[in-house]
């Protein structure tokens, strides 16, 4: 993991860091210390619940990385994308075949999710750049502000769902059905029951987006990864390719929206573009994007579990390209990345499956939202504490709080 604190002696570096070539650098995960082992286990469990709630667990994982791995907020915000991607993948493997207990339609609305992906990826590219250059104080302030707003929205949703569940328990014959989803015109069947053509449409759309993004990254290169066509990092053609990638992704959004949605839904295109782009920016900040997407889907009439499940699929696709950038740009070593990714995929799959099946059986899916409220509060408090501790270690230097970093 990249760290910019200079050192001359090992004693000048904090715990779990070694003074290497005059720079305090985080140790490799293996062999793990006791603190790191607890951290890996905690991340696997927490992301299982958080990704089931549709956010990928970004805010929580940042707190866990600073608490157990002793990363600074800056490092944790850059390295959090690997566990976000792993958690989203594990959760998707669990939810892809599940049906919503209220509507008997799929938990993951894949067509609606795919529509938002190109704009989310554009936002993630912008967010990752801002994450790199903005001062630590600005990043933490932004993170805390949106965690607070999201906590309010999640609390209201959790309270409403809890009351609905209580009402259903009083009257088992009364089932509340949400309003018609504005962005999904037909009832969708589980993936294995749809036609071959419908499956191919979804697979092709996903593959085209992923291949385009990866090809763009390999063509332009980075500081730690040479361009396959010899383009200089941060040179003129580097930014030409970056801008070209943004234009292509916007075209994909425009085409996919028209391809998957009916004529009467075209007025929603601007709103979908705006909210998806905004979600991508916060994905670049390490929030996973779900903080924006879940309220958007709830407002469109999705049930709670459909909102979180669909958001988790969005996070899966967008976090993949951000995670790839983190590795290519050298923000995290290959061994560290593989360790975090593997732990979260395995842990999230089993934990989300266990949690979902038990809550569904008891008609208490609102507990997902209540748990999410608790996670957000924990993340806000811990981020503030860790930020003050890191700042005190550096001698309360005001300059460090407001220092901008070079984009290149």
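Glycine residues also receive a Cβ, built from the backbone N, Cα and C atoms like all the rest.
Automatic prediction, not curation, is the source of TrEMBL annotations.
Range 202-219 is the one annotated as transmembrane segment, of 202-219, 256-273, 310-327 (source: TrEMBL). The range from 179-199, 368-388 that TrEMBL describes as transmembrane segment is residues 368-388.
Cross-referencing 137-155, 156-174 with TrEMBL places the feature transmembrane segment at 137-155. Of the listed segments 4-21, 76-93, TrEMBL assigns transmembrane segment to 76-93. The stretches the transmembrane segment (76-93) and the transmembrane segment (368-388) do not meet in space: the count of Cβ pairs below 8 angstroms, excluding pairs fewer than 6 apart in sequence, stays at fewer than three. The transmembrane segment (368-388) is in contact with the transmembrane segment (137-155), judged by 3+ CB-CB distances under 8 Å for residue pairs 6 or more apart in sequence.
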